[in-house]
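The ATP binding site annotation in Swiss-Prot covers Asn40, Lys57, Glu111, Asp112, Leu113, Asp246, Ala247, Glu248. Here Swiss-Prot flags Asp229, Arg344 as substrate binding site, drawing on sequence analysis.
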Amino acid sequence: MSQYRTFTASDAVAYAQQFGGLSAPEALVSAQEVGDGNLNLVFKIFDKQGISRIVVKQALPYVRCVGESWPLTLDRARLEAQTLVAHYQHCPAHTVKIHHYDPTLAVMVMEDLSDHRIWRGELIKGVHYPQAARQLGEYLAQTLFHTSDFYLHPHAKKAEVARFINPEMCEITEDLFFNDPYQVHERNNYPAELEADVAALRDDAALKCAVAALKHRFFSHAEALLHGDIHSGSIFVADGSLKAIDAEFGYFGPVGFDVGTAIGNLLLNYCGAPGQLGIREAADAREQRLIDIATLWHTFAERFQTLAREKTRDAALAEPGYASEFLKKVWADAIGFAGTELIRRSVGLSHVADIDTIRDEEMKLSCLRHAIGLGKALILLAPRIENADEFIARVRQYG
């Protein structure tokens, strides 16, 4: 049996030749490390013509941006691969294809998406992909419905929950989303000028109680197999195409967490647009983000209800009207989780380029304050925002 070792570029080429599923594997001759994430090595594998044909991804046993002082389980590579395989089974159009994975080496071989772009980068530049929000809503509906109690037999669902237990990666989420921003912690990362804003988060008892309720749902509601980190940097887009990648945080959790994380990242772009684009372009981009959020939610909710009507196997859950009631709870959860995403990306360890790459420091501070204030408002108001129109009105109200 092979033992874990950190891959070099030549290791990645040899592995792709063996497991890439190409008809002429000997044509693969070189590799380039392209990963900019905190948790993994990612290699593009090129043929003799210099064309990227396949991707090899290997998990590292520590958080890359911190170093070996923050160790991580290598089992997350298995969990990521199996999450993506399961999601591909239910939504192949919008999930990256995994050709092979090895749990011992913590490595997987996947399709190359060089003809796509990372959605976050396109959003920052003001490039609009008209289909993206609808396709993301479709991906979320298909993957979350088909791994939920609506579709799975109870025995199969319980077995899947056990197979996807992911405590170490969930602990990272629990800390970064629900703990660190609301206490003094060395992982937090924000400009000194925001100290009063961050202190106000720590001192807000009502806010922290609402965050505690969201954390409790994250702990205890094993509703469906989540992607677990579905932000705009883990989504590739092209004309007419969207693909989800990077699912090492996959586990069974509340449906609203994936939906809310996606919405939260669109809102981060909304908050950062004035610092990235000209006045008119920023206004157009912000308006489009609100349309994208409404499109994402409506697509998700309508598809989920259609699937529930046509495919629900449990007699009680198939009761007319129940899926609609379930989605009301998902919506409230999603708004709250979107708020936690806004706050943690503004003051916590891991930021987003939508705001961090703004060159004007005063503008960056303004955008960060906007994200923090909007995040706080969404967390507190989530139970009272009944639909997408009300949601958009609230977002406009806070700038």
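Numbering starts at 1 and runs along the chain as displayed.
In case you wondered, yes, glycine gets a Cβ from its N, Cα and C as well.
On a predicted model such as this, the values are computed, not experimentally measured, just so you know.
Within the set Asn40, Lys57, Glu111, Asp112, Leu113, Asp246, Ala247, Glu248 that the record links to ATP, no two Cα atoms are more than 18 Å apart, and one pair reaches that distance. Spatially close to Arg344 (substrate binding site) yet at least six residues away along the chain are Leu176, Phe177, Asp180, Pro181, Ser350, judged by Cβ distances under 8 angstroms. Taking the binding-site residues Glu111, Asp229, Glu248 in turn and counting surrounding C-beta atoms within 10 angstroms, the largest count is reached at Glu248. Shown are the binding-site residues Asp112, Asp246; the one with the most C-beta atoms within 10 angstroms of its own C-beta is Asp246.
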